[in-house]
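Engineer: Submitted below is the structure of interest, expressed as structure tokens.
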Amino acid sequence: MVYDAFVLLSFGGPEKPDDVMPFLRNVVRGRGVPDERLAEVYEHYMHFGGVSPINQQCRDLLAAIGTEFAAHDVDLPTYWGNRNWQPMLADTVARMRDDGVEHALGFATSAYGGYSSCRQYWEDIDAARAHVGPGAPRISKLRQFHDHPGFVNPHVSAVREALEELEPDRRASTRLVFTAHSVPVGMARTAGPDGGRYTAQLEETARLVHAAAAADLGYDLVWQSRSGPPHIPWLEPDINDHLALLAEKGATDVVVSPIGFVSDHLEVIWDLDNEAKETAARLGLGYSRAATPGVHPEFVAMVRQLVQERTDDQNRPALGTLPTWDVCPADCCPPPARRKAP
Ligand SMILES: CC1=C(CCC(=O)O)c2cc3nc(cc4[nH]c(cc5[nH]c(cc1n2)c(C)c5CCC(=O)O)c(CCC(=O)O)c4C)C(CCC(=O)O)=C3C
Ligand SMILES: [Fe+2]
């Protein structure tokens, strides 16, 4: 199989105040997110002048990937398209068609399985290609990478660095807290071909990072950034509730590692660096937040290696035991509306 382009697939974010509401409406279209929740999230974006860092992070990642490709003779032009904000994937796919691209490899900025993290990117590709119509290039999404050393190692280094910010003599009472985006319990149950894949992968990543970074500490995997209507159950505990429990049980400090994400976007800089940090301060807990991979050289190299897996038939590095595959089965990770009753 011959590929002739690379495309970065991401979530998108607003870059000025007037973008924020239309962006939020794109994200929640048809999802039943209450207006009160939207108004709250609007304020989170406004704390940063209506600018999410995520688009710039994508520009930086794409530039680093271009440099990495050039250094390793990967001869593919690079593109970038988002789900929810400009540059929208449909516009990118139109440009790719105009440039004569026929079959691209797509890298989504999410390591895990599940509807929001994986299937929805496949849907974005289908919708963008349908929008462009005849001549739209094919796009094959690269595999999930939750246990790839190029994803795990940057998290390991980041946890070590975050630990150094805390008092060494309190290490014995320091807890390592991994976080990921909460999703509806039903979505978690139907993630992957056999169900439960989102949480199973996160548990594996947490185990791997903990073992390599700070095996002497106790650790937990908890959830953040709950959305949706209140009557729909989402994965719990929320990080803020969990910090209270840890304080009650005698923890003095926490290192928070957002293994659910690849960059320090708004869910990280607001929900962790503001909300969870304030919660910790209120509880008298020392708090240090580990970085996300961002443009860490090993993470950028991973993207290049994932491409080479497809083009040069190289091995598939994996630190864990959960299987990965190139093409998802058609019926896994169904969208909320089509979700089977439990
Ligand atoms: C699993 C997952 C990831 C990780 C995988 C991946 O990265 O893809 C993720 C990432 C992100 N989520 C983000 C932002 C938002 N997510 C929302 C809402 C939702 N997220 C969900 C899940 C996830 N979300 C779900 C099930 C909903 C409910 C609505 C629905 O069923 O779709 C809302 C609506 C308002 C609200 O929060 O209520 C916003 C604004 C940003 C951008 C941050 C920035 O701007 O820097 C990023 C990277
Ligand atoms: Fe989200």
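Yeah, the Cβs are placed from backbone N, Cα and C, and that goes for glycine too.
Pasting the feature list from TrEMBL:
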BINDING   SER52, TYR121  Fe-coproporphyrin III binding site
BINDING   HIS181, GLU267  Fe(2+) binding site
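What's the neighbourhood like for each of these?
Structural biologist: Shown in sequence order, LEU9, ARG83, GLY106, ALA108, SER110, LYS141 are the residues of the chain, 6+ apart in sequence, with a C-beta less than 8 angstroms from the C-beta of TYR121 (Fe-coproporphyrin III binding site).
Sequence-distant contacts (6 or more apart, same chain, Cβ under 8 Å) of GLU267 (Fe(2+) binding site) comprise HIS181, GLN224, SER225, PRO258, PHE261.
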Engineer: Taking the Cβ of SER52 (Fe-coproporphyrin III binding site) as centre, how many other Cβ atoms lie within 10 Å?
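Structural biologist: Cβ-Cβ neighbours of SER52 (Fe-coproporphyrin III binding site) within 10 Å number 24.
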